[in-house]
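Inspection log for the structure reproduced underneath, given as C-alpha cells.
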Amino acid sequence: MAARPLSRMLRRLLRSSARSCSSGAPVTQPCPGESARAASEEVSRRRQFLREHAAPFSAFLTDSFGRQHSYLRISLTEKCNLRCQYCMPEEGVPLTPKANLLTTEEILTLARLFVKEGIDKIRLTGGEPLIRPDVVDIVAQLQRLEGLRTIGVTTNGINLARLLPQLQKAGLSAINISLDTLVPAKFEFIVRRKGFHKVMEGIHKAIELGYNPVKVNCVVMRGLNEDELLDFAALTEGLPLDVRFIEYMPFDGNKWNFKKMVSYKEMLDTVRQQWPELEKVPEEESSTAKAFKIPGFQGQISFITSMSEHFCGTCNRLRITADGNLKVCLFGNSEVSLRDHLRAGASEQELLRIIGAAVGRKKRQHAGMFSISQMKNRPMILIELFLMFPNSPPANPSIFSWDPLHVQGLRPRMSFSSQVATLWKGCRVPQTPPLAQQRLGSGSFQRHYTSRADSDANSKCLSPGSWASAAPSGPQLTSEQLTHVDSEGRAAMVDVGRKPDTERVAVASAVVLLGPVAFKLVQQNQLKKGDALVVAQLAGVQAAKVTSQLIPLCHHVALSHIQVQLELDSTRHAVKIQASCRARGPTGVEMEALTSAAVAALTLYDMCKAVSRDIVLEEIKLISKTGGQRGDFHRA
C-alpha cells in the first residue's frame, strides 16, 4: 500500500503547471499552434507515466473473484418524506435510535478510508439523503478527498430544486431522481404523499444547472405504471435525461410477487414497437444499465435488470447503511458493523482488515430471481434491518421460548416460515410478539451482535417453532375397515358431502441424511444449483397445494395456511423438515402435510444428488392431526 501515496504525489506534481526559475534568459512566447501541440504532448507523457507507475488496486477492496470495488454508496439517513409502495410499508419502518446512526465525522472518516484505498465514486443515498440537515456540508467535505472523482446523490426530488444550487457549489457531480409516473394522481397513489410538481421542478432545475445527463429512475410495476413506458421514453427527445427503467425488486415490506415484475425484454419490446430504430449504446465498464438511444433524441433510456439478467460479474459496489453496517451485496443479508469497530477505537489497519474480510466473502453472484424473492432483507428504505419473525404465532406460546434477537447457527439467512407470506394467499403476518415488544421498546429496533457459541451449536434453526408434542389428545377412534375400498375390494372415493366443516390442522415431518460433504455445501449455500433450503421449502408449499392431483383418491382441499420449516442437524449431517397445513372443511389435511414434507425431502435429494447418491430419506410421518370425527392425534 506504500506505493499508493507515492503515486498520488506524482499525480499532484504532474497536474501542476511546469514552472522554472530563470537567471536572465529571455522568455520566448510560443505561438498558439505550438502551445496546443506542446500541451497535448505533455498530457500524453503524463498519462504514459501514470500507466507505468500506477499503484496496484487495494487488496482490501478486491474480492476473491478479482472484482475491484471502486464505488461506495453511503446511506445518510433511514428517514424519508415519502412512502413508496415498493420501498417500505405504509406505516413506515421502525427507525434506528439517533445514537446508533453514523455521525457526520464517522461518515467522513469511513469515506476518507475507502477513498484512500481506491474508491473513486461515492453516491449518497437514504432514506432520502436531502432531508439530512448537513448534506451540503458532507458533500463539501467529500469534495476535498483526493482521488474521489464523482459525488452523486439519489433523491426523490422533493427538496432538490431548493438545495441543488448549494449542492452543486459544494461539489455534487451526478444526480439520480426517482420518479415512477408522469401522472400526478398516480404519483400520490404510489408514494402515498403529494409532491409530483416539486419533483418535476427538481428535474428541470438540474437541467438548468447543466447536469448532463440527469438520471431518472423508474421502477416498473405491472398494473401500475408499465403503460407509461413510452411516455417516459418520449421525455428524452428534448431533454438530456437518462431514463432508467428498473425491474421491480423484492424487499421486505413491499408485498413483492412475480406477477408485478415486468422484465427487461418485455419493456424493450414495448419501446421497440414504437421506435424500431432504437440503437444500443456502448456500456461503461461496471455499468448496471443496458443503455439505448432513439436516433435524433437528446437523451437516452436504460434498463436495470437486477432480476432477469444480473450483472454480478462486473459488480464494483459496496454499501454503508445509515447505522454503519458494510453491505457487500444489495441482495445479501449479511453485514459487518463498521460503526461498532470505529467507536471501539479500531485503528485504520484494523478497519481495513475487517473491510477486506467482508469483501473477500462476497459471493460470485446473488441468488436467482426465485430465491431473492424469498429472502429476508431490510425494507428498501433501510437496506437492511435483519430480524427473524415467524410467519404466525404458536397456538400455545408456552410450547417454546422465542427470542427474535437470538440467531442460531452458522449461516444466518432468513426466516423461512415467513418467506411465502407474499406469494401464497392465506398466509398470516402476525403482530410483533410480546417478547419482541419488550426487547424493542416503542418503535426502535435493537440489534444483537455476539461471537459466543450457541448453546445448541449442533442445530441451525431456520424458522422458529417446535417439533410436535408427544402427548396424545382426545379419543383415538380407529376403523378396522379401509375407507377408500368398497365392499368388493375396489378403489372408491369417500363421500364427504354430508360431513360438517371443522377446523383441520396436520403436521408431518421428514428427515434427509445428506452426509458430511453435501451437508457442508448446503450449510454454506455453495451448491451449483442454488439455495437447496429455499427451493425445498417452496417445493413443499407447492406440493401441499396439488396433493389431490398426486394422490388419486384424495379430496381437493382449500388450504388456508401452509408452513414448511427446515432445520440443519450437524450431528447427523441431516436436514429435518416439518410441514404443517391448515384448512376449514369436511376432510382432514394430513395427506397435504405428508406430501409437503415428502416432496421437500425429495427436492433436497435432487438438489444434492450431483454431490452424493448416498442420501437417505427417512422418518416421513404424521406428527399431529386435529379436527374431524375420529378425534385428535399427537404422536407419542
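Keep in mind that glycine also has a Cβ here, set from the backbone N, Cα and C atoms.
Look at Swiss-Prot and you will find 1-383 tagged as region 'Molybdenum cofactor biosynthesis protein A'.
Swiss-Prot lists 64-277 with the feature domain 'Radical SAM core', giving sequence analysis as the kind of evidence.
Summarising the annotation, Swiss-Prot assigns [4Fe-4S] cluster 2 binding site to CYS312, CYS315, CYS329 and lists a curator's inference as the type of evidence. For CYS315 ([4Fe-4S] cluster 2 binding site), the same-chain residues that are 6 or more apart in sequence and have a Cβ closer than 8 Å to its Cβ are ARG67, HIS69, SER286, CYS329.
Here Swiss-Prot flags 414-636 as region 'Molybdenum cofactor biosynthesis protein C'.
As annotated by Swiss-Prot, compositional bias 'Low complexity' applies to 463-475.
Within 10 Å of the C-beta atom of ASP606 (active site, for molybdenum cofactor biosynthesis protein C activity) sit 15 other C-beta atoms, taking all shown protein chains into account. Annotation source Swiss-Prot lists active site, for molybdenum cofactor biosynthesis protein C activity at ASP606.
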Item checked: ASP606 (active site, for molybdenum cofactor biosynthesis protein C activity) and CYS312 ([4Fe-4S] cluster 2 binding site), distance between Cα atoms, whole Å -> 26
Notebook entry, point to check: For the binding-site residues CYS312, CYS329, which Cβ has the most other Cβ atoms within 10 Å, all shown protein chains included?
Noted result: CYS329
